[in-house]
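Enquirer: Relevant sequence annotations retrieved from TrEMBL are reproduced here:
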{"type": "TRANSMEM", "residues": "101-120", "note": "transmembrane segment"}
{"type": "TRANSMEM", "residues": "126-148", "note": "transmembrane segment"}
{"type": "TRANSMEM", "residues": "160-180", "note": "transmembrane segment"}
{"type": "TRANSMEM", "residues": "200-217", "note": "transmembrane segment"}
{"type": "TRANSMEM", "residues": "229-247", "note": "transmembrane segment"}
{"type": "TRANSMEM", "residues": "253-274", "note": "transmembrane segment"}
{"type": "TRANSMEM", "residues": "295-314", "note": "transmembrane segment"}
{"type": "TRANSMEM", "residues": "373-393", "note": "transmembrane segment"}
Amino acid sequence: MQREFSDVNLVDLKRAAFRLTSATDDVDDSYRHLTATTFGCLFETSSASSRYLRSLAFSDVSEEGSPGKSKSAGTLQNIQEHTMTTEDEKQAEYNKKKANFITRTLWTFVMIGGFFAALFMGHVYVLVIITAIQIISFKEVIAIANVPSRARDLRSTKSLNWYWLATTMYFLYGESVVYYLKHIVLVDKVLLPLATHHRFISFVLYVFGFVFFVGSLKTSHLRFQFSQFAWTHIALFLIVVQAHFIMNNVLEGLVWFFLPAALVITNDIFAYICGITFGRTQLIKLSPKKTVEGFVGAWVMTVLFGIVLTNLLLRSKYFICPATNLGANIFSGLDCEPNPVFIPRTYSTPRLFFLPPNYTLSVTMSPMQIHTFFWSTFASLIAPFGGFFASGLKRTFKIKDFGDSIPGHGGMTDRMDCQFIMGFFAYIYYHTFIAFKRSSATHVLELAIMELTTDEQLEVIKGVVKYLSNQGIVKSDAPGALDKLLTDNLVAQT
């Protein structure tokens with residue numbers, strides 16, 4: 001009885017396998033119908049006959065070419081094909097990761113090489129790179145909030161976004177040019193009116209855009225248009241305005257641009273290394289892979305790296321001098337009076353009661369290395385929140401990256417999210433605690449041109465020449481010759 005039960009179970013399993021394979025194998029419909037009918041009748045015969053017939057149909061020792069053997073072979077073939085498919089998928093996934101790794105590595109070296117090439121070629125090339133970065137980042141941020149169907153109905157929306165960008169860049173770039181290159185702009189007959197009326201011209205351009213925006217409003221798209229207006233202005237502030245301060249850092253001296261950027265990159269690298277080495281505690285839910293241990297470890301390493309890098313940079317006047325010559329490069333260099341923060345000084349402790357008499361502890365270092373500690377702290381503890389902000393923004397719009405501007409790395413904004421806030425901090429910190437407050441020739445020239453009348457300007461010139469004559473720098477008859485020269489020229493003009 002037990003033998004018959006086992007035989008019946010075996011037959012049922014074989015019959016199920018037959019039905020499965022018959023449904024998937026490529027056989028004609030007539031054969032399927034005949035097989036089903038035949039085996040349906042066979043079930044009504046005796047159990048012994050049924051076992052015999054089914055053994056003929058499904059036995060592994062069936063004759064070659066019999067239906068049983070072809071079905072069994074088909075089943076094995078399907079299993080093998082499924083196994084091969086899984087292996088192919090794994091191989092394809094491996095090849096994809098390998099290709100992405102190669103692409104990411106290649107473009108990493110391309111970015112590093114391009115960055116240092118621009119850095120050594122001069123300030124203008126660095127400014128060009130910053131301009132390209134802010135334009136690409138602005139494009140990526142604007143794109144994530146765009147609704148293509150509505151954008152097609154409102155052709156002016158996209159054009160207006162780019163108009164806002166152009167107007168903002170004109171205003172900010174003009175401010176930098178007038179401030180840092182006033183010795184060129186204020187003595188040029190064509191550029192002088194643009195410089196003196198720069199802010200009014202910028203305001204008029206903005207008003208034109210504002211009037212055009214209001215005139216293009218449509219009642220059926222008001223929510224979309226106003227959301228685009230607000231989103232564009234947020235992008236202008238977070239990207240273009242902060243990039244403007246980074247450009248000012250370049251003109252103040254390459255060290256104020258390169259050092260903050262290097263600190264952020266270093267912190268990112270050591271946060272990854274420390275995180276995978278001994279990271280255990282999650283730091284923030286927006287970035288699940290960030291750990292407290294990696295966060296703190298990266299801070300320590302960034303401080304040490306920053307002090308060493310500062311010690312190297314302050315030896316080169318090409319990095320610490322302002323951009324007085326835009327044609328300068330790493331080979332020609334720059335010359336200036338160094339800012340006092342770059343000059344080493346000795347710091348000594350007061351006399352302490354537990355030390356021997358007349359014994360103090362002292363250390364010699366530049367004040368900039370002390371400032372670097374605070375910069376490294378900001379780059380490690382505050383700047384990463386720019387990345388967390390970007391992560392939250394991407395989660396809001398359900399996207400992985402801001403774009404694909406950099407193959408293997410995602411969008412430009414994905415790489416610059418921490419750099420913008422760090423550059424802004426460097427600018428504010430520099431002008432608050434480090435900037436060397438002293439009137440310069442360009443500043444005096446700006447005051448003379450912008451705030452004095454023509455007669456007052458002539459008096460200043462005569463007074464300066466008279467002072468130089470009294471000091472023996474110019475000949476004693478120079479003031480009289482200058483008076484005669486100015487009088488003759490003024491008469492000729494009248």
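Cβ coordinates come from backbone N, Cα and C, glycine included.
I'd like to know what surrounds each of these features in this structure.
Expert: Same-chain residues lying 6+ beyond the ends of the transmembrane segment (101-120) with a Cβ under 8 Å from its Cβ atoms: 126, 128-129, 254, 258, 329-330, 406-409.
Taking Cβ pairs closer than 8 Å, the transmembrane segment (160-180) reaches residues 131, 134-135, 138, 142, 194-195, 198-199, 202, 205-206, 209, 212-213, 216, 228, 232-233, 236, 240-241, 244, 247-248, 251, 322-323 in its own chain, all 6 or more past its ends.
Sequence-distant contacts of the transmembrane segment (200-217), counting only residues of its own chain at least 6 positions beyond either end whose CB sits under 8 Å from a CB of the stretch, comprise 154, 156, 160, 163-164, 167, 170-171, 174, 194, 225, 229.
Outside the transmembrane segment (253-274) by six or more residues, the chain places 119, 123, 126, 246, 290-291, 293-299, 301-302, 305-306, 309-310, 313-314, 318-323, 372, 375-376, 379-380, 383-384, 418-419, 422-423, 425-427, 430 with a CB less than 8 A from a CB of the stretch.
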Enquirer: Counting Cβ pairs closer than 8 Å, which of 126-148, 295-314, 373-393 has the most of them with the transmembrane segment (229-247)?
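Expert: Counting Cβ pairs under 8 Å, the winner is 126-148.
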Enquirer: Can you tell me which parts of the same chain pack against the transmembrane segment (373-393), counting only residues 6+ beyond its ends and a CB-CB cutoff under 8 A?
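Expert: Cβ under 8 Å, 6 or more out: 144, 259-260, 263-264, 266-267, 271, 284, 286-287, 290, 295, 298-299, 302-303, 305-307, 402, 413-414, 417-422, 425-426, 429.
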